[in-house]
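Novice: So that we are looking at the same thing, I have put the structure below in structure tokens.
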Amino acid sequence: MAKGSWFFIILFIISMLENMINSLELDRHSFPDDFIFGTAASAFQYEGATSEGGKSPTIWDHFSLTYPERTKMHNADVAIDFYHRYKDDIKLMKELNMDAFRFSISWSRLIPSGKLKDGVNKEGVQFYKDLIDELLANDIQPSMTLYHWDHPQSLEDEYGGFLSPKIVEDFRDFARICFEEFGDKVKMWTTINEPYIMTVAGYDQGNKAAGRCSKWVNEKCQAGDSSTEPYIVSHHTLLAHAAAVEEFRKCEKTSHDGQIGIVLSPRWFEPYHSDSTDDKEAAERALAFEIGWHLDPVIHGDYPEIVKKYAGNKLPSFTVEQSKMLQNSSDFVGINYYTARFAAHLPHIDPEKPRFKTDHHVEWKLTNHSGHIIGPGEERGFLFSHPEGLRKVLNYIKERYNNMPVYIKENGINDNDDGTKPREEIVKDTFRIEYHKTHFEELHKAIVEDGCDVRGYYAWSLMDNFEWEHGYTARFGLYYVDFVNGLKRYPKDSVKWFKRFLKKSVVGESNKEEVEEMSRAEGNKTFKGFEESAGFFASFMAMNQSRRDEENNRCSFDFPHTHFGVLQGIENPSSFY
């Protein structure tokens, strides 16, 4: 055979090898060895047992029971009954090969009155100790959130909850008890979950507890001021965070090897018109309010200048002492990333209808000026997949906050269930598999190509659960929960995918490394001869046969075009996502 023929054959083999190596899907071994993979939950959405074990009502108990029409006529009295079933659910986490479980502590279960002077509920303490021990016994690390929107209703009745500065010292006491009781076994802590969502949805839009807003914004709101209350609540939330961190760093059980941070919920924003300076600046303002409003204070001790400019005198200020307490009060930042929007400059707002949502002169849109949608969505109306936004958010934090450590504390997508879909259809969640797959790809790029210091990823959520104002109609779980027939758990197809992705001993992984080493030894550009090249190719094929067989058995992905029906008509969904 002529030399030229050998040359083209070798080039063909090299091309085949390169394509095959590049086509190998990511799995847990694609990430750093100490990278944490987990799943997440919250007390109110999971536990149930609202009147058991000494627990008092929370603001969400009050909200869902007093205004049932605002939560799809659903409540979380039982939720998914995690309070009684946690041992079985932890077994499912272990089967999924999860490293960690993020959950929140119910303030009302630990200190029913909300005030330490009235005593600590020993039964509540024991429940969380038992939960922690069960996790550790299954080699799952607990990650505890102090506050996931469910403070005792008694504090709301007494002084308005987070509308009052009194909440700060009560939260400090609650946090201190948590550190003293659980700090010897829990090393990962977060203070406040999604302060942006809590304040905006609860006090500007009024569609989440405490359900306050201006009457013209939402006629269901009984009281509130959408113009001022979000800033007040957010301010007290930040001070409560700082107080908790101060206690954390004084506590002997947590001060040496524990870490603590705040959890934010940023969307990514692209300019509505890519050539418009106004829209580019609008996107920057949107990010400043979504991220900087809460991250700047816990890093630098003060609000961003752009937030001060647009919020004006409605934005409270920190004292010198408060600023000092806030500065560097987050060892890491937790990010709950779900979706993205286009941002358009809003030149005029109605002075007769002031509210937080319009203060920064930004209008959120699902489509840009040419009609291009931000990403595939479904008939849920509030989540549209935009995985590249995750990478951009991580780089935004890297560039503006000195590449501080990041944990993805929530990421997931829901399936809308109006009661007409059979279980057999819902468990075929190929769209969820593709959602996680594409977000892992962008996360991997952020870490490997961009150098972002991301240290963990928690999927939302293990189980379908009570999804706030959506009740049980928005299913985020990897496991289907039958809310009609005894809360039985059924694995969705995404469970099978996650088991493969998180497998701790993957057949063929070492072979991949061996192939890469062989390629380097051969120069990967030229081979000594066709015989060696062909032998190498045959070796590669043999070593990866098991992986190819497994790939052939994977679910086919019909996302995004066939499984998602885009909801074109909703530009500003009321939901927090």
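Note that Cβ sites are derived from N, Cα and C of the backbone, with glycine treated the same way.
Swiss-Prot lists these features:
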SIGNAL    1-23  signal peptide
BINDING   Q45, H148, N193, E194, Y338, E410, W460, E467, W468, F476  beta-D-glucoside binding site
ACT_SITE  E194  active site, proton donor
DISULFID  C213-C221  disulfide bond
CARBOHYD  N328  N-linked glycosylation site
CARBOHYD  N368  N-linked glycosylation site
ACT_SITE  E410  active site, nucleophile
CARBOHYD  N524  N-linked glycosylation site
CARBOHYD  N544  N-linked glycosylation site
Novice: Using Cβ atoms only, which residues of the same chain lie under 8 Å from N368 (N-linked glycosylation site) while being at least 6 residues apart in sequence?
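Specialist: E270, P271, Y272, H273, S274, F342, I374 - these are the non-local Cβ neighbours of N368 (N-linked glycosylation site), listed in sequence order.
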Novice: Which one is it: of the recorded positions Q45, N193, N328, which Cβ has the fewest other Cβ atoms within 10 Å in this structure?
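Specialist: Comparing Cβ neighbour counts within 10 Å for the recorded positions Q45, N193, N328 gives N328.
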Novice: Given a separation of at least six residues and a C-beta threshold under 8 Å, show me what packs close to the residue listed as 'active site, proton donor' in the same chain.
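Specialist: Correct list: W149, V263, L264, S265, N336.
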Novice: Name them in sequence order: residues not among Q45, H148, N193, E194, Y338, E410, W460, E467, W468, F476 whose Cβ is within 8 Å of the mean position of the Cβ atoms defining the beta-D-glucoside site.
Specialist: A40, S42, N336, S461
Novice: Could you give the Cα-Cα distance between Y338 (beta-D-glucoside binding site) and C221 (disulfide bond), in whole Å?
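Specialist: Y338 (beta-D-glucoside binding site) to C221 (disulfide bond), Cα-Cα distance: 27 Å.
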Novice: Should Y338 (beta-D-glucoside binding site) be counted as helix, strand, or coil on the basis of DSSP?
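Specialist: In the DSSP reduction, Y338 (beta-D-glucoside binding site) maps to coil.
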Novice: Please state whether DSSP places N328 (N-linked glycosylation site) in a helix, a strand or coil.
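Specialist: N328 (N-linked glycosylation site) sits in coil per DSSP, no helix or strand.
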Novice: Based on Cα distances to C213 (disulfide bond), point out the closest of the recorded positions N328, W460, W468.
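Specialist: Nearest by Cα distance to C213 (disulfide bond): W468.
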Novice: Could you check which of these recorded positions, C221, N328, E410, sit within 10 Å of W460 (beta-D-glucoside binding site), going Cα to Cα?
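Specialist: Hits: E410.
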Novice: Using DSSP reduced to three states, classify Q45 (beta-D-glucoside binding site) as helix, strand or coil.
Specialist: helix
Novice: Look at each of the binding-site residues, Y338, W460, W468, and point out the one with the fewest other Cβ atoms around it within 10 Å.
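Specialist: Selected from the binding-site residues Y338, W460, W468 on minimum Cβ neighbours within 10 Å: W460.
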Novice: Just the number: how many Å between the Cα atoms of W468 (beta-D-glucoside binding site) and E410 (active site, nucleophile)?
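Specialist: Cα-Cα distance, W468 (beta-D-glucoside binding site) to E410 (active site, nucleophile): 16 Å.
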Novice: Taking only the recorded positions C221, N328, E410, which one has a CA atom nearest to the CA atom of N193 (beta-D-glucoside binding site)?
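Specialist: Sorting the recorded positions by distance from N193 (beta-D-glucoside binding site), the top entry is E410.
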Novice: Can you tell me the CA-to-CA distance separating the residue listed as 'active site, nucleophile' and Q45 (beta-D-glucoside binding site), as a whole number of Å?
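Specialist: The Cα atom of the residue listed as 'active site, nucleophile' is 14 Å away from the Cα atom of Q45 (beta-D-glucoside binding site).
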Novice: Let me make sure I understand the span of the beta-D-glucoside site: among Q45, H148, N193, E194, Y338, E410, W460, E467, W468, F476, what is the greatest distance between any two Cα atoms, in Å?
Specialist: 18
Novice: To the nearest whole angstrom, what is the C-alpha distance linking Q45 (beta-D-glucoside binding site) and N328 (N-linked glycosylation site)?
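Specialist: Here the two Cα atoms are 31 Å apart.
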